[in-house]
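Database features (Swiss-Prot):
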- 30-33, K51, 87-91, G415, 479-481, D495: ATP binding site (BINDING)
Amino acid sequence: MASKEIVFDTKARERLARGVDKLANAVKVTLGPKGRNVVIEKSFGAPVITKDGVSVAKEIELEDKFENMGAQMVKEVASKTSDIAGDGTTTATILAQAIYKEGVKLVAAGRNPMAIKRGVDKAVEALVKELGNLAKPTRDQKEIAQVGTISANSDTTIGNIIAEAMSKVGKEGVITVEEAKGLETTLEVVEGMQFDRGYLSPYFVTDPEKMVCEMDEPLILINEKKISSMKDMLPVLEQVAKMNRPLVIIAEDVDGEALATLVVNKLRGTLQVVAVKAPGFGERRKAMLEDIATLTGGRVISEEMGIKLENATVADLGNAKRIVVDKENTTIVDGAGESEAIKARVKMIRAQIEETSSDYDREKLQERLAKIVGGVAVINVGAATETEMKEKKDRVEDALNATRAAVEEGIVPGGGTALVRCCKVLDDVKPADDDEAAGVTIIRRAIEEPLRQIAANAGFEGSIICEKVKEGKDAFGFNAATGEFEDLIAAGVIDPKKVSRIALQNAASVASLLLTTECAIAEKPKEDAPAAPAMGGMGGMGGMGGMY
């Protein structure tokens, strides 16, 4: 085991502080509408240019082990804020730096770090409550577009596309971000329920030019198991043929004799039919088949439920207005399920989303929810080069997360103004002693820092701007994009309340942890072994030029 280097007290905190400063100083130049770019070298390919705080933070590794510890802790603030709120990473980093910087000075002057932490916690709690009072719900598509625009570094195209996507698939809908083939950034909306399984044989297509199978008013047979034998399916097929309606078969698989018979009947024109594999795997497949059954008003033919395929009747089949099946996807439009049953299914999935601790499961459950409730919107991000594509895709994902946060908890004035506006509530915080009061003072000073930095990045003096904003009321603040003081909500400079809240809570949490650090331990750097002496030339090796 390698020997360790141990540093204590002020020395430990100072070295951690140097790392915090290095990371925060690199990240904070990106803040605001006039934020600067950061160029990041890549080990292969072109360097990346970004204005995304979390992308900058992720790239930073420092040589000094203790400084690196400080930097990594603040990196955690940025990542955590990005994961939960989708934006506010730079704000969180700046707040963490400001809280820690002020706190280190006070601890060095003899204040009790635990009491300072208690003061910080009390102040943050009061501010979070006040942010809730300041927040307003998002009223319309225009406000959603404004949130998206600001989070995407003032790109109105991105803001408008996200707002349009939300209006089309609803607040519960799934919006995914993909890379486009061309230069344009476009929105594609899939209405109804879509899943990523296509037809099992190209002979099922009804439009050979587009290679799709389209059916109006089809019946839908949902079978949990594999179908190989035709005799099991014959009774229900005969009933469907008498009704002269198209049939969609969704099963674990259809192969052998069953598939061949369906294809032959389709080609002869006896039966309009298409067979599709069931989506998902294992337990998720069962759940998705139940979703399809609920949406279409059918039943899952499952031996577990006591229904065998040979006993199935038309009453067990689902109905839909239209179904479109291509090589890779199946879309069910306007299923005939009962609204009460659909509502109950939605309620059940929502409860599962609340209970699950796995991010992957949560994402899959949200996708299922969206497929039942609304639909799926895909934002195809286009750009001229791959470097620009990556940067733009990052911005779209940030903006999308920020708009979701705005819809969830409402909006507050942007540009760092909301936190400054909440400052007055700190007068009512009752600290138990002077050291706790010092913790409250740290927060009072730290919450001005994002506004100061936005102003500084735009080429203004932060302190002057901050004082002017403090004199105003409500949404009055500084619009760094225009250099004007105005009503920020009316001007569209708005932030999601959730972003401000999460940024403040995460920053205070990590800064308090660092403040109460009394000892830091890291591996000692390894001494380089002395280089081996250079080998002298080997004599007598001349004259070998003729060898090939």
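Cβ coordinates come from backbone N, Cα and C, glycine included.
Because the structure is a prediction, the values reported are computed rather than measured.
Feature map: annotations from Swiss-Prot on the structure.
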| residue | record | DSSP (3 states) |
| --- | --- | --- |
| T30 | ATP binding site | coil |
| K51 | ATP binding site | coil |
| G88 | ATP binding site | coil |
| G415 | ATP binding site | coil |
| A480 | ATP binding site | coil |
| D495 | ATP binding site | strand |
Candidates G32, G88, G415: member of the binding-site residues with the richest Cβ shell (10 Å): G88
Around the Cβ of T30 (ATP binding site), the count of other Cβ atoms that are within 10 Å: 24
Cβ neighbours of K51 (ATP binding site) where a neighbour is any other Cβ within 10 Å: 21
